[in-house]
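Here is what TrEMBL says about this protein:
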DOMAIN    11-462  domain 'Major facilitator superfamily (MFS) profile'
TRANSMEM  20-38  transmembrane segment
TRANSMEM  50-69  transmembrane segment
TRANSMEM  81-106  transmembrane segment
TRANSMEM  144-163  transmembrane segment
TRANSMEM  169-189  transmembrane segment
COMPBIAS  198-211  compositional bias 'Basic and acidic residues'
REGION    198-217  region 'Disordered'
TRANSMEM  275-293  transmembrane segment
TRANSMEM  313-332  transmembrane segment
TRANSMEM  344-366  transmembrane segment
TRANSMEM  408-430  transmembrane segment
TRANSMEM  436-458  transmembrane segment
Amino acid sequence: MFSWLPQLNPQVRMLALGRFLSEIGTGFTLFYAPIFFVNQVGLSATELGLALGSASIPGIAGRILGGLFSDSPKWGRRPTLLLSSAISAVASLVLAITVNFSTLVLGNLLSGFGSGLYWPATEAVIADLTEGEQRREAYAVTRLADNLGLVIGVVLGGALIGSSGTYRLLFIIDAISFVAFFAVVYLAIQEPYRPSPCREETKGIQEETRGGGEAGTGGVFSMGMGTPPEKLTNQSEQTNAELDPSPALRLPFFASPRLLNSMQSWAAALRDRRLVVFFLVNVIFTTYVSQIQSTLPLYFSKFVSTTGFSTPIISALFSWQMIVAILGLIPASRALRRFSHPQALCVSALLWAMGFILIWVTGVAAKGHLAWAILGMGSFAVATVSYTPSASALVADIAPVDLRGVYLSINSLCWAAGYAIGPTLGGYAMDQNRSIVYGFWLFLALSVIVTIGILQYLDRILLNHN
């Protein structure tokens, strides 16, 4: 029955199961939360956008720590996933009791931190357990699990709201889904990779500390700026006995080898021009993705025709988008294998532009609003499934094994940046007059020209590097 699915490591399949359960809960709240906080709690669209964007502040810290924890021999991928799911469960409970702007911000701050810890760790687990073309399909399968969980959650959430109108229960169910993910990781996922200590690197640091540093090396504060990232050896945490052979030689925190090793890892990653260019273009993509979850629900409910779409119709539209994504994810991943990652992302960018234009038409057309919305959401679905596997696989492919957590952490920061920009920009636009509201979608469509230009440049960099 499932022979069409790629044959993957059992750990990847268990991770996909956990993500499926977690995303069911996310689907309960994802598209209904903006409507609830504006229409029932009484917040403005601008306040909602600011609150949603505030999640990116701790999200950045979470993504940095998530990458460092994932590469740390004292933590690793699995404990980081457990910590992220626990924090996310608490965040959902805070959102369930939200009555004003302050509690909404608090819930989003916790949610952003939990999400920040999650993404570098879960992406690193998949990268550890796969290689080559199988990696892109593994990312596609886990995204398939995400989308399947989302569509089930969206449908069940819409049914629950239609029958009871109890929006707060949605967030409680979301918290339960994070507990389910915690249980799957705790019971079924083994730590896939733990970096081995590099004794030679530690020895060199100790010798430089004793001698004050060799002339021309930069001493203990040398950041290894001349080492290519793909050849940088793993500089992981050491035991206290190895790092501090005597109390007299113990360094202050700001000069400790552990901190310096972490700084070296980040410096090495940020010297990789391929990663930096991809970061820029990926922020644009994540800004696009954020519009689906934050801006579109308000747009559909207020600015389509004279009264807007009803909640059941909005639920059906997002369910349609998820269904198309589920059906198209594996075929799209396989169809795009003939292209390089930047070329596949160019295809996605064109589909995003098409979707934004169709959403603009949905609002300004004299009739047929629902038909245009269906076409627009379908375009967004195909754009998303063309984007996510290639984006994750690109970073995993260029990352040195010992820096994989840091590389994926930087990649995950794109989502924090995009979700800071997208909801804030979209919320502000939705509080303006209708000409600005409709023009916002045309602005996003035109931005795709810049996106494709950056992707073409990235493709040339990758070809020259190879």
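Cβ coordinates are placed from backbone N, Cα and C, and glycine is handled just like the others.
Just so you know, TrEMBL annotations are computer predictions that nobody has curated.
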The transmembrane segment (144-163) in contact with the transmembrane segment (81-106), cutoff 8 A, at least 3 CB pairs, sep 6+: no
Outside the transmembrane segment (436-458), six or more residues from its ends: residues with CB under 8 Å to it: 274, 277-278, 280-281, 284-285, 288, 291, 295, 299, 303, 342-343, 345-346, 349-350, 352-353, 356-357, 359-360, 363-364, 425-426, 429-430
Integer average pLDDT (0 to 100) for the domain 'Major facilitator superfamily (MFS) profile' (11-462): 82
